[in-house]
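Some notes on the structure that comes next.
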Amino acid sequence: MATELDKIFLILAIAEFIISMLGNVFIGLVNCSEGIKNQKVFSSDFILTSLAISTIGQLLVILFDSFLVGLASHLYTTYRLGKPVIMLWHMTNHLTTWLATCLSVFYFFKIAHFPHSLFLWLRWRMNGMIAMLLILSLFLLIFDSSVLEIFIDISLNIIDKSSLTLYLDESKTLYDKLSILKTLLSLTSFIPFSLSLTSVLFLYLSLVRHTRNLKLSSLGSRDSSTEAHRRAMKMVMSFLFLFIVHFFSLQVANWIFFMLWNNKYIKFVMLALNAFPSCHSFILILGNSKLRQTAVRLL
């Protein structure tokens, strides 16, 4: 039977789901209708639409996950149900994170201005580079899934035996293996974060350089390019902030679940973990002029 704490958690989880679904469905519908009307799909719209679809899939998994944890948390520790849910959540989370990273890289090359030949060469081949990043993310997904499967097997094995007395050497060996696997998973998560961080740093350098050039030419410090720089920086920095919250919440959730799996407060760590897919869509809407204007007209 659900406790009062479970009911509060489920109400918050459902509210988080509905709000985020509205944002992502809106992004998908606007971009699809624009693509049909113009008979052309721009790279930014394609990435945004793919990100919205991926996030919708992740939100559905999160909702099922929330009901499972809130109403029948004991089923989460079974191989038949717990393992597929964790694997599916990881896949959708991986795709969402990498698509958001590709969007950050796209904004950087689309908006920033550097005279360096390497930057110009990469900018000219931007679509191909985004495709290469997506291919890299698929290879990393295969690697991560293999590591995660071993991680889950060991973790559920520990939970299954938690009521028994494990030999000290056996217990130490299992936890050592978990530490190594968690490190590998954290390292692969660091790749999209570092790419987005690099994008926002170079966007800032480009903005400083552009503003200095405007002042030297007596044109002031505000023009369309400056505003584009600032909007892109706000979106990428917001993504980085949400990604940091998401990443550390994931580490805390792993620790609580696999070390103290029946702790009642893991539910609220999950709400913080889901802040990234829940809030990111509205940041994208506010930062994209087409989406923002459409939203204003609807309101």
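Along the chain as shown, the residues are counted starting at 1.
Using N, Cα and C of the backbone, Cβ positions are placed for all residues, glycine too.
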Q) Does Swiss-Prot give Ser50 and Leu291 the same topological domain, putting them on the same side of the membrane? A) yes
Q) By a Cβ-Cβ criterion of under 8 Å, what residues six or more beyond either terminus of the topological domain 'Cytoplasmic' (123-127) are in contact with it? A) 43, 106, 109-110
Q.
Across the topological domain 'Cytoplasmic' (123-127), what are the DSSP residue counts per state (helix, strand, coil)?
A. 4 helix, 0 strand, 1 coil
Q | Chain residues in Cβ proximity to the transmembrane segment (102-122) (below 8 Å; excluding those fewer than six residues from its ends, i.e. six or more beyond) | A | 43-44, 47-48, 51, 129-130, 133-134, 195-196, 199-200, 202-203, 206, 209-210, 225, 228-229, 232, 235-236, 239, 284
(Q) Are the transmembrane segment (188-208) and the transmembrane segment (266-286) close enough to be called in contact, which here means at least 3 C-beta pairs under 8 A that are separated by 6 or more residues? (A) no
